[in-house]
Structures are given as structure tokens and as C-alpha cells.
Amino acid sequence: MDKFRKKGEKIKHFFKTDWNIVRAKRYARRSGREIRYGAGRYLANKFPIVQWIASYSPKWLFGDVISGITVGIVLALQAVNLPSSAGGVISTQQTLIASWLPGFIYALTGSSKHISIGPTSAGNLLSLQIIGPFAEAARIPPFIVLPALTFCVGIWFLLFGVLGLGFLFDLIPISICLAGVGVIALNLVLVQVPTFLGLHGIPPIVPAIPPAIIQRIGDISLRTLAISISAIFFLAALRFVSNKWGKKKSVAGKAAQFGSNMSSILVVLIFTIVSFLFLQSLPITEQVVSAAPPTLAAGGPATTPVPETSLPQTSVNTTSAGAAQFIIPAKRDEPLFDLVAELHSGNTGSSVQTRAEPLPDGQPSSVSDAAAAASAAPAGGAPQQLPKLPFWAVFPVFTATIVSPLPPIIDIVKALFLPSLLVFIVLNIEHLVIARTFGHYHTYTISENSEMFATGLSNLAGAFFGGVPVGGGDMARSSLLAVTGAKSPLNQIFTSLTVLVAMMPLSGALRFLPQAALSAIIVVAVVGQQPPQKLLGDYFRLSFADFLAFFLAFNIAIFIPAVGIAVGTAVGVGLMVLYTLFRGMFSRPRSVSAHDLESMYKEKEFRPWQEGDPIPRGTHVVKLGTEMVWTNAARFRRHIVDACMVHNSGVPIDSREDKPERPWNFRIHEHVAALRRQRNIMLDDDDSESLISHHPLLRVVVLDMTSLREWAGEGVEFRFVGLNARVLKRFERAKWEVLDPYGPSVVEAGEEHRTSDLRFDHLPLAIHYMNTETTLSGMWEEVAVAMGENIDKIEKAYV
């Protein structure tokens, strides 16, 4: 018995003293205490609208309505054009269904005001490459496979969003995000060039566009070119007027800003009316030319034919001639999946109505009738010569209906779950790259988890209606939201409503808009939202690693269609990972000589820290325990901002003379209150001057920490400790002036010296140094940042 008793005591002692078990118990107790607070915060983060809707300003509604209507028109017309690049496998009905629903979901769950979730060309091309071979092998119509693929993509998005894996995408530095956005914009502009020139049938593959234009230069339509030039001139003129006078608060300034926000809608109205007057008497065959469906291989510009079972052979209109289509193979064997009962049950999940309902123009009302008609149709033929239009290209007749939802087929979902991972990766990278870049441009932050959660819900819901996979990686729509004055994610509700109206009542009128006018709207918006041209030179001057990552990501993404952004991003991130690993691997210690010790504090008074010495009020000291590099820069920035805001008071917003318009998601006071509750710091909600005696006033500008800039004002100095020569050179290249307070420039200035950033060799010197500027309450405004000598990388953002 003693043996067993000793064994039990030994086990008990092990569980009491083992560090891993003790730490697990401590974390479990902490998790239990915080689970209630954490659950509420988790749900609030998944539905950000509950955090900002109460403070939504009514004056923002105009901007959201205008931007939502503009993007809704563009999204509806994009949805009509996208199937032309899918060889008929993806129908207009499926793209339109995928366009109206996500806006309602994103308004509740999205964290960016510049994202419009909907079909994208990359998502459609990847979907085509997956469902084409699968439909051929399984002998299933592609329109049945597509909802299952959308459902799988939604599951991947939802998994990453629910599990909070957005931190993985912090590995994508802002330099690669800017490269990705630049590639998307360049590709988008090049794809619009054939439309500008009135050339039809040119595949939307960037490397193939220039030679195709050269070969057909004699077919350029002067009327179409005139429309393109006039629309661009009109939009550019309104943008110029807005940039010059729109910021003024006078009536003229407000009128200029109003005209700029309305410019895209004005172009749609003017050119639609003019086009209608010219084309109303022409037959539909002389108004519309169907684009020759291109095919695309995953590996590069070379193309491969679409499988025969997915080529358009017979189409069934769901509502009207030229409307949404679904494809039935001309001949097929017995399917591998038993789908006959489901095909005749009423709805396949992709808007194909098989009930006995009358369809226009004598179209068959059941799948069996369509298959019979398909079997009698010719299986192939010579390429059709595209006729030349008498005026300009407009959009085909399109309408769509919202069908009753049906779940996708589980067996197909299981088969496509792993292949859909590629679609998820491409859509997610494009989405987050654009969302982070636009947030960077317009000084707000996004939540990667909220973005993935919103996109996941949108794909899952769209799958029940037969929609295509969707994402927010459309540069055209994001740029339009920026230039038309979007104020919050609420604009997506008006985008969805506009798509719904365009799907039914307005489709007959909207189709008269010249395609060249729509291309002009897109190009002008995209060009206006590009990063500065000097960006590449700045990266070359500041960090060659960032420059090389930017350069490789940009060039790889240009020459690889469909998945170019994902591949370029992966190569850029891989290069940065290798650079960081090798940099640490080949680091070495430096020997210190007696001369180094003698000159370390030469000509500088060194006063060691005495016991009982306080840190001056209004001073916040931060010591970085490791290097600040691209992998942890965002997290460091966030923690420094939070620490400064918790222990210091901010400047009331109303006290700023030239205060900018607050963003829709401005919740800094609630955020600070929550942080103080977590740290058991009792403080009233009021952050006015009456509290300065308890929490000193701090006004800080730190890198691109826009939260602290709003919180603390502009007039404060940043103090760096322990900067080595390499870091100082990087500051100089970045044109960030960091002065030596004992240097001649500061000493000669004397009392006239104004707040600037300073550097010190020792932490006590940085804390005790007193300049000539004080706050209204007599406290020093300063921030001391202690940085180890091994820190040789500082990232400076471009805003």
C-alpha cells in the first residue's frame, strides 16, 4: 500500500509542479472568467454593424446611396458580361443571382466601406476550370455542379473566419498588397482597351490583348472611340473641378463635390439616353455582338479547349430571349450520380425552372425537352464571323428571377471540397489585398476575420440560389466606391437593391448603355485610386527586400492569368520569409573594444536612474524586446497604440480646428474603456481636461498609427533610444528627421526649438530630457521609445 500511496503522491506532485500543467490551469481559469465577455465581443466582431450603427450620421446617407447605386449599376452589367468569358458554362442568371444577395450580408458583417462582394473574373475562370472537367467526367450538367462549388468555397471562408485565422494574412506586407492592387488595376485597364476601340471577340487575357489589337487595328470603330473619349473627358473634368474646389465649404465647393460623386451616374444617364435614340429602331441582332468565348489554361497564356460537354450547344431562356442560359450536353451517358428525380422536382438550385411554366418564345419548360432539343442540334461548326455593328456595342437583353432556394447535392460537395481550396485562396487573397490597401489609403483598419466571415456567408447563401463563387477582389467596384463618396458598408444595401431593380424592371433600358461608356467609368475610377508613382523608388531607397518583393509580385502577377495575384503574393511572401530567416541565421555578435567603451558616452552627460525617480507625467516609455520587422510590425503598432491610450488622456475631438470627418467605425473611446476595464483601471468615460490630473495628456504621432493621431493630436515628440548607424541611415532615406538633442542644430535653436523626434544613447537621458514646450497644464508632451541595438529595420507606411 505504501508503494501505491507514494506513487499517487508522486503523480499528484507532478500535476502540481509541472510548468505546462500549471500554465494550462491558469489559462483555463482565465478563460472561464473571460468567456462571457469574450463571447459578446466575438459576436460583435462578427457583426460589426452593431458597433457603429448607433453613431451613424444621417448626413452620410447621401454618399452611401450614390455610391451604392453607382456600383449596383456597374455590378449588374459586369454580371451580364462575365458569362461571355466562361464559354456559356456559367449563365447570366447565376452571375446576377450572385450579385444581389451578398450586399445585404456584407452590410451587416463587413468591416470595409470600399468592398463590394460579387462575381469576379478570376473566380469565374477558376470555377470554369474546375467544373468543366468534373462535369465531363461525372456526366453531369455544369449548372448542377456550380452551386456545390460555391458552397465549398463558402465553407472554406467560413472556417477561416470563425476560427479567427485572419492573423495568418498579416504575413502579407503592405508592399505586396500595393503590388497586387497595381497589377489588378493594370490588367483591368488593359482589358478595357478593346472595348474603347470597338473591337469585339478579343479574349480578356492580358498578354493576348496587344497583338490582337494590332492585328485588327483596321476594325476600330470611330463612333465607339468617340464615346470613350467623351466619357473619359467628362469624368476627368468633374474630378478636376472637385479636386480643385471641392474641399471648400462654400456653395461652389459643395456643388463641385456633388458633381464629382454623381459623375458616374450622369455618364450612365446621358449616354444611355443618347444610345437609345440612335438604336431604338434597329433590330437586336444589329445592337449586340456576342463575344467569342475564350478558353484559359491554368498555367499561363496558352489556351486549351473547353470540354465538349461544357461547350454551349443548346440554351434554355428562363425569362426572355437573350436572357440567362443554362447548358445541356447534346449527348451524354447515364450520369454517375442519380439526379433524375431531383431534376424533375422543380429546381436544380441554379435558377432552372422545370415546372410546367410557360416560357417566352416557345422555349421548352423542362430539362427533358431541352435535352431532346439539344440532341437534335449540331455538335460543332466553324467559328462564327462576328458582324460589325453600325453604331456601338451595347449590352444584351437580360433579366433574371429569384428562384426558391435548394441545397446543393452533398455528393458533389464532397467531391469538390478539396479542389475548391484553390478558388478560396485566390478569392481571399484578392479580397484582403484590396481591402487592406484601401483601408491603408483612407486611414482605417479592417478585420480579416470579419471579411472572411462575410464572404463565407455570402457564398453559402448564394449556393442555395445557384450562384457563382463571389469575393471582394474587384478593383473597379472598390475604386468606384472610393470616388463616389462611400461612407460606410451600408452602401452595399443600395448596391443590392440596384441590382435587384436592374434584374427586372430596368433591364430593358439599362442595356442601351454603350459598353465603352461603362469601360470609361471603370478606368477613370481605377486610375484615380492608384498608389503614387514614386512608390517603387521609395521602396528601393528604404529597403531592398521590400523592393524586390514588390517587383517580383508585380511582374509575376501580370503574366499569370487568373491565379497571378495569388502566385505573385506567395512568391513575394516567400522571399520575405527567406530574407528574414537568412538574416537571423547569418547574424553575428560584435566585439567591443576599450575605445568603444570610452567613447560611448563621450561629450554627453550620463545620469543613471536613481531609486525613486519618477517618469515625468505625460511620458510613456516603450521598450521593444525584439526586432520590429514585417511579420510583427502591425502587432507592435497596435500594442503601442493601446498602451499609450490606456495610460494617458486624449485630446477632445471638438477641440481640433481642422478636424477631419470621423470614419463610420470610430469607436476609440469605447475601445479605450474596454482596455481599461481589462486592466482594472477605473476611469470615467469623460476624457476631458478635468481628468488630466489623474491621466496626463498625451498627443502622439507614431508612424501610421492613425488611431493615436486621432486620440492624441499632432504636437508631440518621439524619442528613440539605442538607434544604431544602420537604422539612422534608414531614417535619413525615409526623410524622417530624428535629431540629437545635444547636437548643434538643437542647441543653437535654444528656446525657438519646436517639437521634433529625438534620439538618445541611454534611456534615463531620454526620459529626463526637458524641452521648451509644455502643454496647457504645464506637463511635457513626449514619448520615449527604447529600442535595442539589434533593431535595424523600421517600416514607414505610405498614406
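Even glycines carry a Cβ here, placed using N, Cα and C.
TrEMBL annotations:
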- 61-281: domain 'SLC26A/SulP transporter' (DOMAIN)
- 411-552: domain 'SLC26A/SulP transporter' (DOMAIN)
- 348-374: region 'Disordered' (REGION)
- 143-165: transmembrane segment (TRANSMEM)
- 171-199: transmembrane segment (TRANSMEM)
- 220-241: transmembrane segment (TRANSMEM)
- 261-279: transmembrane segment (TRANSMEM)
- 389-410: transmembrane segment (TRANSMEM)
- 416-434: transmembrane segment (TRANSMEM)
- 548-581: transmembrane segment (TRANSMEM)
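No contact links the transmembrane segment (171-199) to the transmembrane segment (261-279), because fewer than 3 Cβ pairs that are 6 or more residues apart lie under 8 A. If one looks beyond the transmembrane segment (220-241) by at least 6 residues along the same chain, the residues whose Cβ comes under 8 Å of a Cβ in the stretch are 195-199, 256, 259-260, 263-264, 266-267, 270-271, 388-389, 391-393, 483, 514, 516-517, 519-521, 523-524, 528. Counting Cβ pairs under 8 Å to the transmembrane segment (416-434), the top-ranked stretch among 143-165, 261-279, 389-410, 548-581 is 143-165. For the transmembrane segment (548-581), the residues of the chain that approach it from at least six positions outside its boundaries are 122, 125-126, 129, 171-173, 175-176, 178-180, 182-184, 186-187, 205-207, 296, 298, 300-301, 422, 425-426, 429-430, 433, 473, 535-536, 539, 629-631, judged by C-beta separation under 8 angstroms. Each residue in the domain 'SLC26A/SulP transporter' (411-552) gets a DSSP state, and the totals come to 101 helix, 1 strand, 40 coil. Mean model confidence for the domain 'SLC26A/SulP transporter' (61-281) is a pLDDT of 88.
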